Structures are given as C-alpha cells and as structure tokens.
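Annotated features, as they stand in TrEMBL:
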type: DISULFID; residues: C43-C89; note: disulfide bond
type: DISULFID; residues: C108-C132; note: disulfide bond
type: DOMAIN; residues: 28-145; note: domain 'FZ'
type: DOMAIN; residues: 162-288; note: domain 'NTR'
type: SIGNAL; residues: 1-24; note: signal peptide
Amino acid sequence: RACGPWLLGLLARLLLWGSPGAWASYLRRSSSCTPIPHHMALCYDIGYSEMRIPNLLEHETMPEVIQQSSSWLPLLARECHPDARIFLCSLFAPICLDRLIYPCRSLCEAVKRSCAPVMACYGYPWPEILNCNKFPADHELCIAAVSTDENSSNRRIPRASCKDCELEEASTAREILENLCTNDFAVKIRILRKNTTTSISDFDLDPGRVEVLKHGPLLRTEIPARLQQWLDIDATCVHNIMRGTHTGVFVVSGEVQSDKVVVNKAYAWQKKNRNLHQAVRRWKHHRCPEQAG
C-alpha cells in the first residue's frame with residue numbers, strides 16, 4: 001500500500017534513530033501485528049495496512065478496538081482538524097514497527113485545541129486518556145502534525161461549528177420572508193471551493209457576487225469580510241451547504257454574535273426554487289411585523 005507523506009517522514013526519522021535494541025524484543029513478545037480490517041472505518045486505508053494490538057489505548061481485542069474507535073467517527077465528520085484522523089489512528093491502530101511510535105505532544109495539542117470545543121458542545125470533555133502531557137515532545141521520535149508543512153504554513157485551520165447547518169427547502173415565499181425578518185442579516189452570495197486535495201476544504205467568497213438584502217447591525221462594507229470569516233471558521237456548516245460541489249450561489253441569513261456572524265438558514269439559488277426567487281423579489285417592498293407596527 002502506498003505510504004502517505006506523514007508516514008514516509010516517520011520512517012525516515014526511524015532509520016536515523018538507530019536500532020531499538022532490547023525494547024524491540026520486548027515489544028515483539030508483548031504485542032502482535034494484525035491487518036487493519038475493512039470495517040474499522042476510522043483507520044482503514046490510513047496509509048499503512050497493519051497495526052499493533054494491544055494498541056496504545058490498551059484495547060486488547062479487535063472487536064474492542066473497532067467499537068471504541070467508531071465512537072470518534074462523528075467528531076471526524078465535524079472536520080474539526082485536518083490531522084485528527086492521524087492522531088486518533090496513531091493510538092487506536094499504531095503502525096506496526098519495531099518500536100511503539102506515539103503522537104507528538106504538539107500534534108495532540110493542535111487537535112485538542114480545535115476538536116475539544118466541539119466535543120464540549122455535546123457534553124463530552126476531552127478524555128484524560130488523551131491527556132497531551134502524556135505524549136513525547138517534538139524532539140523525540142513521534143508522529144508530528146502534517147498540516148504544518150511548508151505548503152500549508154499559511155493555511156487556516158477551520159474551527160468546526162457546534163451548529164448543525166443544512167440547506168433549507170424553500171417551501172413558501174412567505175416562510176422565507178418571515179425568516180429574513182427574524183434574522184439580523186440576509187445576503188445572496190457565491191461560494192467557491194479553493195481546493196479538493198486536503199482533508200478539509202477551504203472556501204472563498206466571490207466578492208463580485210455579494211448582494212445584501214438586509215444588513216441589520218452590520219455595515220454594508222464590512223459584510224464581505226465577515227462572511228469570509230464565517231467561511232473560514234465554520235467548516236461544518238459550509239461543507240453541509242456545499243454538498244460536495246465546487247461552486248454555488250446561496251441566500252444565507254443569520255445573526256451577529258459579538259465578533260462573528262452565525263448563519264442560521266441557507267437556500268440554494270436555483271431556477272427550480274421559485275419560492276426563493278419570489279421572496280427575494282418581494283423583499284424590497286416587504287414590511288416585517290415589527291416595522292408594520
């Protein structure tokens with residue numbers, strides 16, 4: 001199986017490290033190598049094909065490994081950090097070498113920084129078993145972060161949102177108008193996907209395709225920058241809206257929360273969404289209930 005760049009880097013460091021000596025003999029007696037099964041969704045096809053068991057989390061059987069690792073799949077779906085899968089698999093499915101290779105402390109801290117807030121949204125604290133202080137410092141032999149290489153040094157690390165955000169069905173024009181009334185802002189925008197090669201996609205706002213329907217407490221001139229900030233930090237919401245497409249036009253509305261905007265509703269601007277087109281046309285002359293009073 002072809003190795004990922006992070007694995008090639010690890011193997012190069014291991015060759016420079018020298019012979020593991022007596023520790024390797026102990027390791028061979030205390031654990032065994034086994035193929036990563038297809039139904040271990042977290043780590044199958046991670047870049048290597050065999051893992052050590054017991055693993056670094058002291059799971060002793062494959063059914064236990066699969067059961068425990070599957071509980072982390074929803075977190076990966078939140079796209080909280082591009083290296084989250086590598087970090088987790090280094091523990092659940094440690095690579096089968098002559099010595100145990102732990103994740104670096106900096107890798108743990110980076111993943112924790114982005115993912116722990118998302119876990120907290122659902123009432124789950126960062127587990128003590130993943131206490132980053134337990135892992136080796138970067139100058140020791142360990143698995144380092146991949147997202148810090150020279151090609152991604154300027155890349156933003158999206159902070160996943162706790163809010164589940166999906167495209168809305170434009171059921172009636174009246175319902176859409178009511179939504180625009182209750183939210184702080186409403187804008188028609190075009191979103192572009194910048195890449196398709198990394199585990200988290202970056203998105204750009206097309207500055208020439210921003211139509212402000214309602215600016216609320218925001219200045220019209222600041223709306224593009226605030227929406228770009230939303231694209232940068234709310235990876236989950238944007239991913240759900242884009243649904244794998246490379247570009248799209250949407251009507252989004254939401255609220256202003258201190259230093260950021262939060263999108264509550266999003267509608268795809270398509271010919272078949274006649275109710276959405278009708279609502280946008282009527283909006284200029286529409287009076288919201290509080291305005292009418």
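A Cβ is built for glycine as well, from the same backbone N, Cα and C atoms used for every other residue.
The Cβ neighbour count for C89 (disulfide bond), using a 10 Å radius and every protein chain shown, is 25.
Sequence-distant neighbours of C43 (disulfide bond): residues of the same chain at least 6 apart with a C-beta under 8 Å from its C-beta are I36, M51, S69, R85, L88, C89, F92, A93. Taken residue by residue, the domain 'NTR' (162-288) breaks down under DSSP into 45 helix, 36 strand, 46 coil. The Cβ of C132 (disulfide bond) lies under 8 Å from the Cβ of R105, C108, E109, K112, each of these being in the same chain and 6 or more residues away along the sequence. All protein chains included, C108 (disulfide bond) registers 26 other Cβ atoms within 10 Å of its own Cβ.
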